[in-house]
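As written in TrEMBL, here are the features:
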- 20-43: transmembrane segment (TRANSMEM)
- 34-283: domain 'G-protein coupled receptors family 1 profile' (DOMAIN)
- 50-71: transmembrane segment (TRANSMEM)
- 91-113: transmembrane segment (TRANSMEM)
- 133-155: transmembrane segment (TRANSMEM)
- 190-214: transmembrane segment (TRANSMEM)
- 235-253: transmembrane segment (TRANSMEM)
- 268-285: transmembrane segment (TRANSMEM)
Amino acid sequence: MVNEFILLGFTNHPTLQRLFIVVCLIMALATVIGNSLIIFLVWNDSHLHTAMYFFIGNLSLLDILFTIITVPQMLVHLASGVNIISFNRCMAQLNLSISCGMTECFILAFMAYDRYVAICQPLRYPTIMEMNVCMKMAAICWVTAFFNGSVLTAITTSFPFCGPNQINHFYCELPAILQLACMDTYMAKALIFALSVIVLMLPFTFIVISYVHIARVVFSMHSTKGNQRAFSTCATHLTVVTLFYSTIGFVYLKPRSHHVIDQEKRASVFYALVSPMLNPIIYSLRNKDVKEALVKAMGKVS
C-alpha cells in the first residue's frame, strides 16, 4: 500500500521552476495581504457592518485559507526539489481544499440572495438580512461544506492505493488522486461526480434565479440612476462568480472519462492562485464603500 505520494508539479525545468516560485510567492503574498485588508476593513468600519460585507469577509477568509492550504507546501517542494507528501497529509489537504471550495460555493449563493433581497424587497431587507440571520447562514455554509468535504475524503481514502504513487498535480486534488486508485472505482467516481454536480450546480442555479429576478426588477425601474446603482452593487459579485465557476466547473463538472489532467492543472492555478488574488482587487476597485473605508483607515494611520 502507498504511504506517500510524489507531486509532479508543472515542470522539471530549473529555470521555469525558479520563475514559478517567484510568481507564486508574489501572488500568494498579494492574496493574503489583500484579503486580510478586506477583513480588517469590514471588521473595523461600522459602515461595512452589513450582510453584504459580512459575506465578503467570509469570502476573503476562504481565499486566505485556500492559499495557506495549497501554496506554502508547493513552494517548499519547488525550492527543495523534494516533492514527497505523506498519505495522511495529502488526504488532509484534499479535505480542507474541497471544504473551502464548497464553502465558497454556498457563500456566493447567499451573497446572491442578499442582493436579491436588497433590490427586490428593499423595505424588508433590514429584517430579513439582520446580522444574526447572516451568521446562521454562514454557519450553515461552513458546516455543510466541511461535512461534505469529509464524506468525499472518506470515500477517497477507502480506495486501495498500491502504486504508482505519482500525482500529476501541484497539490492533492481529487481528480488527480482518483487516477491512482488500483481498483475499479467507476461507481465511487460516479457518486463523487454526482455529489460535485449537486454541490456546485445547486448554488449556481440559485444564483442564476436570483439574478433573473433582480434583472426583471432593475429593467422595470424608470430611473436611470437607480439602474446604474443596482447594477453596480451586483457587478462585483457577478465578476467573482464568473471567475470561480468558470474554472472550478472545468475541473469538477466533467465526466471522469473526459478528464485531462494537464488542462485541469492550468485551471487549478487560476482558482487556487489567480482568483483569490483578484477578489480583493475587484471589491476595492468596483466598490465605493470599500474605497472610502480604505481611505478612512489610511487617514487614521497617517
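The chain as shown is numbered from 1 upward.
Note: Cβ is positioned from N, Cα and C throughout, glycine not excepted.
Ranked by number of Cβ pairs under 8 Å to the transmembrane segment (190-214), the listed stretches 20-43, 91-113, 133-155, 235-253, 268-285 are led by 91-113.
Two recorded stretches are said to be in contact when at least 3 C-beta pairs lie under 8 angstroms, sequence spacing 6 or more; the transmembrane segment (20-43) and the transmembrane segment (91-113) fall short of this definition.
Most Cβ pairs under 8 A with the transmembrane segment (235-253) among the ranges 50-71, 91-113, 268-285 are made by 268-285. Remote same-chain partners of the transmembrane segment (133-155), defined as residues 6 or more beyond its termini with a Cβ less than 8 Å from a stretch Cβ, comprise 51, 54-55, 58, 91, 94-96, 98-103, 105-107, 110, 114, 174, 188, 191-192, 195, 199. Note on the domain 'G-protein coupled receptors family 1 profile' (34-283): mean pLDDT across this stretch is 86.
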